[in-house]
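**Q** If you look up TrEMBL, you'll see 20-39, 73-98, 110-131, 143-163, 183-203, 215-235, 266-289, 310-330, 336-361, 381-401, 413-433 marked as transmembrane segment.
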Amino acid sequence: MLFHTATCSSPSYNGGPQVFIWSCLISWIGVLAQAASMAEMASLQPIAGAQYHWTWAFAPIRMKRFLTWLQGWLTWFGWISLLCGIVNVTAGLLLSLVNLCIPEYSPKDWHLYLTIVALAVTQAACNIFAWKVLPAAEVVAGWLHLLLFIVFVGVLGGMGSKHSADYVFTHFEVSSGWAGNRFVAWNLGMLSTTWSLTFTQSLVLTAPSTCLKKFALTIALNGVLGFAMVIALLFPLGPLEEALEAEWPILAILLDTTGSVQATTALMSLLIVVSYFVGVAATATVSRLTWTWSRDGGLHPRISVVSQRFPVPVAAVILPTVLVILHALLGLGSSAAFGAIIALSSLALYVSYFIAIACMVWTRLSQPLELGTWNLGRWGLMINLFAVVYTLWIIIFLPWPSSVPVTGAGMNYASPIFAFCALFVLTTWLFWARTHWNGVSGKVVEYVLTSEE
């Protein structure tokens, strides 16, 4: 729900209200299929490595080492990129709010960089020093998220509507240059909704097998809230041109709807607090993935060492934080350069989802598969296949430029960045991993499965 509000500019450029509202529903259905498929795999192997562990379990024997190596790196690269994006959104919202309260203040690139550094460092510190209270803090943030939904819907709905239901559900408008191809524009408009839902899959990395039903229900609830929030945003929306001119459309919508800087500040402050804790949770997810990938030989083994002082792998928390800070330096020279790193997240993670779920489908079709305690029953294969098709469909459009003609600033760099990552994976495989990497630790898998019994 949070990132539906913060990243609503892409649907405004490509398709307008029609794309924003229906792509939210379609993306939610697709994500539910992905999540349900991964929950089935998590029920069999509830390990923090998630996708690459499942690829190791279900891939064809002759290909499993290479596919797992590819999967592990793509998942890790994708999560580093996603963490960059989450911190960047929080920092951007914070500086925009300061600009609203102090009109003479003009945010500079280095202001954004220092804000990103402060957020990344404090979020890492929460994971290292506040690990005892972190679960409780995340529960509070979850309830605050729900409260924020109620407040936003109440404010946006209570302030009156500027549009009819026909406009909200059917109006199609393109200002990105893709007007000549409505099909492409529609699919490109759906991508920001796709990115906003990418983080929900992280729950399966941390949910024990006994909580997978709650995990699925959480994603279902998140989709319902997100869809309702989009409806609440679109009815009081002013002219699309005004929203597109704003760096953060949600800020412009709230200010236009409430007519009050104080009310907008209060609502945005709540949004930023929730966004901050999303970053804390994302840091925890990335650190767990870094820890497991190091433990299985993908990264240096010292990174997986758990601190004697704190029961967390400190190096696995620090490494992603340092990478976020270093990547943010790109924004000092070019916002497009840092945006290129962020653009990698959806593409890399969706490819990782595709590999894992496709391997699950292959196993179901080629041999009898004893499912875990949580499974989709007779609908499992059908839902798995739908998840594969949906994921592949999104992958096709993720590298496309969001506007034409293509400029340096408007270029979608996801494809070249992804190609660079794939080249890195292939090179390390050919010159080292092919002969030295033994794959996922069987002892770890056996220990986890035994402890779950």
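Any Cβ shown, glycine's included, is placed from N, Cα and C.
Remember, TrEMBL labels are computer predictions, not curated facts.
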**Q** Any chance the transmembrane segment (266-289) and the transmembrane segment (143-163) are in contact, meaning at least three CB pairs closer than 8 A with a sequence separation of 6+?
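**A** They are in contact.
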**Q** I'd like to know if the transmembrane segment (143-163) touches the transmembrane segment (73-98) in this structure, counting it as a touch only when three or more C-beta pairs sit under 8 Å and are separated by 6 or more positions.
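**A** Checked: the transmembrane segment (73-98) vs the transmembrane segment (143-163), no contact.
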**Q** If I count Cβ-Cβ pairs under 8 A between the transmembrane segment (215-235) and each of 20-39, 110-131, 143-163, 336-361, 381-401, which range comes out on top?
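**A** The stretch with the most close Cβ contacts to the transmembrane segment (215-235) is 20-39.
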**Q** Per the 3+ Cβ pairs under 8 Å rule, pairs at least 6 apart in sequence, do the transmembrane segment (336-361) and the transmembrane segment (20-39) touch?
**A** yes
**Q** Are there 3 or more C-beta pairs under 8 Å linking the transmembrane segment (143-163) with the transmembrane segment (381-401), counting only pairs at least 6 apart in sequence?
**A** no
**Q** Could you tell me what the rest of the chain brings near the transmembrane segment (413-433), counting residues at least six beyond its ends with Cβ under 8 Å?
**A** 65-66, 69-70, 73-74, 77, 336, 339-341, 343-344, 346-348, 351, 398-399
**Q** State the residues, same chain only, that lie 6 or more residues beyond the ends of the transmembrane segment (143-163) and have a CB under 8 A from a CB inside it; answer 'none' if no residue qualifies.
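**A** Residues packing against the transmembrane segment (143-163) from afar: 1-2, 5, 17, 171, 225, 228-229, 232-238, 253-254, 257-258, 263, 267, 270-271, 273-274, 277.
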